[in-house]
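Asks: As annotated by TrEMBL, repeat 'ANK' applies to 72-104, 312-344, 345-377, 378-410, 431-463, 464-496, 497-529, 530-562, 563-595, 596-628, 629-661, 662-694 (among others).
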Amino acid sequence: MGDPDKQLIAAVEIDDFTEVLRLLREHEQGTNNRISQFALDEALLVACSAGQKRFVQELISAEADVDTRKFSSLFPLMIAAKEGKADIVRLLLGKGAHALHKNYREETALQVALYHSHLECTEILQEADTLAQKSLERLARDSAEHRFTEAFTLLASHYNSQLASQILLVPAVISGKTEIVQSLLDRGADLNVTCLHGETAPVAAIKYLREPHLMNMVTYLVLNGAQVTRSRAAKAVSLLVACVLYGKPSVINFLVQIGADVNEVVDSNGNTPITAAIQYFENPHESDESRISDMVEILLLVGADPNKGRCRGDAALHLAVRGAYIETVSKLVKAGAKLDVQNDEGETALHLAVRRRYIETVSKLIKAGAKLDVQNDEGETALHLAVRRRYIEIVSKLIKAGAKLDVQNDKGDTALHLAVRGAHMEARDHKGDTALHLAVGRDYIEIVSELLTAEGKLDVQNAEGDTALHLAVRGGYIEIVSELLTTEGKLETRDHKGDTALHLAVRGGYIEIVSNLITAGAHMEARDHKGDTALHLAVGRDYIEIVRKLITAGAKLEARNDEGDTALHLAVRGGYIEMVSKLITAEGKLETRDHKGDTALHLAVRGGYIEIVSKLITAGAHMEARDHKGGTALHLAVGRDYIEIVSKLITAGAKLEARNDEGDTALHLAVRGGYIEMVGKLITHEGKLETQDHKGDTALHLAVRGDYIEMVSKLIKAGAKLDVQNDEGDTALHLAVRGGGRTK
């Protein structure tokens, strides 16, 4: 007997009604051939798709779920609606199928039927009276947009109320069919009332239609009572503004001719059509600039005033400058836009152009006669803004055009050296910065020179503990560092992190600044908050040239940081081969230990840096030095299975019998790790096979314990004795017999 689930689905798929009946009868009789609910439901979905009504009836009678669904949220009713199976749709509804279920696209069965142009199914589902207002509008809109005229007509005829007609009005307008619109108007639909999406039907026509339908529909709507001006009650935009927002210039002239006000204030922000046009694209591409320019030109031609309308304080010219719409700026200027009108921050179009570094716009405004010395709410002119931002080309243009250099802002600063002109050289801002800090931090070398001439103090620290020298070094401003070093400032002042200027120069990798500081007498052994000297910092970043310079200048190689590390420790830990060579050549001590007891050789072995190990051995590193666990370099290499390093250490004379704090030789560790090749290497070099650890175990004991058969064989062949007893009196043979090492 086969699987009844699979048999049922297969029978439905091949249209074998007799087999389906047989399987369902056996299922109902409670025999062993019971069909799962899943199979019943799946068979129902297949039958609905194929239009097999009698199958559907039988499956529902057998308790298939009429609201079952597939993973894509396709229900039986939805599948039947999609396939246009009207008789099955009617049957499923009669059996209680839920008509409001939605698929993954948020569509109901009614929408699916409509979108697939199955009008009979649509009528049946409409009669179920399950359609909410928003669903109705969506259906109508989609029907109109896809030119489903029959479907749209069906919807319109089914919903005869004035409210429904109002909902259908926007989709009807979008269809471009005046006869459908007229039928809705005849039922009482109002052209000047906003629909569910907040737009009137005439606005929707402008938004969605294109020529030749656009002008025909707008003309028709106006002749049938559409208001040309903004409807305050409806809170909708005027038709003129709709043309602006949706880029439909062809209708503008017609609207103005029939009474549209081209200078009306259209919203609570103070926009007129011309300011709305300039703001249409928030992040414009080049192609949008020409569209905006064309729209502005049309509005100007029909009488738009470039000086009327404000958007949050900005006039049309401000908005055009903000958007970098150079063509629009030209057209507004030519049309008489006031160049020096100020916005809510007191800024003119020139201020905005300077802020954004729009050089071409700045030139155009200057040429058009913009006043250069208008001050904003903070008392700043365009020149102040340009100087603050170091826009040299704009500064030059403004000065050549006659901008005054002595205009003071609200803080008493002129554009010429804002900080220098202050009443007190040591005055500070909210960050504790003096004029010298600000000039250095912005790499203003000329201003720094003037401040030094004016006796600006070098050692004043800001809120971060930075002096002017700290800022210059941190920024890598070589010229300014050189200028500051000509004075008598303190080189060892620390910022709040404990760094001197030399620390910062090394961290930044600024070799020339390091050289200048050393020449000026910077203390090379000063420590940062981690106890690092300049040499530690340079080595830790592998700055070889800076290290050479520091060593040549006398930096102490044996200085240790808070971790006990010398420069050599850091170089080895980082794996910096060239750096290690340099430090060895400079005669750094090889046996110094860090706070964990490691020498440079220990660290090189731990890191697996074979070339560094080789260099340290050649330089005379003590191979038998012990770490905090009593391990030699050989112990560490064996414990990590670094066979090449082990070979190098053995060749250099490392003692095979050295024992760590646990009494382990290198051979013990190799056996413990199961490193068979390593064991072979150590045996070859005649390591003693009977050495016992602190528990009395030999290498052979450990191999047996670890069940390393091949290793046991190697040790025995090499002469390991079988009768050596550990502290518990066990020989290797005892362990093997007792199961200490099970045969594999």
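Heads up, the Cβ atoms here are built off N, Cα and C, so glycines get one too.
Curation plays no part in TrEMBL annotations; they are all automatic predictions.
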Asks: In the predicted model, what is the mean pLDDT computed over the repeat 'ANK' (662-694)?
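Replies: Taking every residue in the repeat 'ANK' (662-694) and averaging pLDDT yields 91.
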Asks: Sort out the residues at least 6 away from either end of the repeat 'ANK' (345-377), same chain, that have Cβ-Cβ distances under 8 Å to it, and list them.
Replies: 313, 317-318, 320-322, 324, 326, 329-330, 333, 339, 383, 385-386, 389, 391, 393-394, 397-398, 401-404, 407, 409
Asks: From the DSSP assignment alone, can you count helix, strand and coil residues within the repeat 'ANK' (662-694)?
Replies: 17 helix, 0 strand, 16 coil
Asks: Please give the sequence-distant neighbours of the repeat 'ANK' (596-628): residues at least 6 beyond its ends with Cβ less than 8 Å from one of its Cβ atoms.
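Replies: Those are 564, 566, 568-569, 572-573, 575, 577, 580-581, 584, 590, 634, 636-637, 640, 642, 644-645, 648-649, 652-655, 658, 660, in sequence order.
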Asks: By a Cβ-Cβ criterion of under 8 Å, what residues six or more beyond either terminus of the repeat 'ANK' (72-104) are in contact with it?
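Replies: Contacts of the repeat 'ANK' (72-104) (Cβ under 8 Å, skipping residues fewer than 6 from its ends): 44-45, 48-49, 51, 53, 56-57, 60, 66, 110, 112-113, 116, 118, 120-121, 124-125, 128, 130.
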